[in-house]
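What Swiss-Prot annotates here:
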- ARG22: site 'Transition state stabilizer' (SITE)
- TYR27: active site, proton acceptor (ACT_SITE)
- ASN80, HIS86, ASP93, VAL107, SER108, ARG117: substrate binding site (BINDING)
- HIS106: active site, proton donor (ACT_SITE)
Amino acid sequence: MPSQKPTILLLNGPNLNLLGTREPQIYGSTTLSDVQERCLALASSLDVELRHVQSNHEGALVDAIHALRRDLPLAGVVINPGAFTHTSVAIRDALLGVGAPFVELHVSNVHAREAFRHHSYLSDKAVAVICGMGVDGYAVAVEFMAKRLKAQAAAKL
């Protein structure tokens, strides 16, 4: 049964568990735990439910996306797919198969980095793409998705 509140699934892909310690000159020193706490507080203030999943395993992310079906139509995804951005047809297909709107998020500006990072299997289907804002991009993405889901709910009344 769908939740009464809009639900945002915050997904973080491979190596994001190392946020704050891995290449801090690129990704900063804020940890994923800090990001999650900030996003949970923001979601609460916006009166939306937020669930967080981080995995280094593609199938676990696909399973989390599939589980979101129970919250449709008031559900959306904020995803930092990490390296799966450039390789995962499975995550793309899961997002499209579930049909929830999603925001693609990257801490760094992937377009200012190596050429292989310039291609995304998700961007053409995302409702928004945020990159290069550091961890501040998470709050922007959560707020955007919350507003979108609330507007969608209001339109159905």
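Heads up, the Cβ atoms here are built off N, Cα and C, so glycines get one too.
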Pick out which of the binding-site residues ASN80, SER108 has the most other Cβ atoms within 10 Å of its own Cβ.
ASN80
ASP93 (substrate binding site) to the residue listed as 'active site, proton donor': how many Å between their Cα atoms?
20
Please state whether DSSP places VAL107 (substrate binding site) in a helix, a strand or coil.
coil
Relative to the Cα of ASN80 (substrate binding site), which of the recorded positions ARG22, TYR27, HIS106 have a Cα no more than 10 Å away?
HIS106
Just to verify a number: CA distance, ARG22 (site 'Transition state stabilizer') to VAL107 (substrate binding site), in angstrom, no decimals.
12
If I take the alpha carbons of the residue listed as 'active site, proton acceptor' and VAL107 (substrate binding site), what is the distance between them in whole Å?
6
Rounded to a whole number, what is the top Cα to Cα distance in Å among the residues the record ties to substrate, namely ASN80, HIS86, ASP93, VAL107, SER108, ARG117?
24
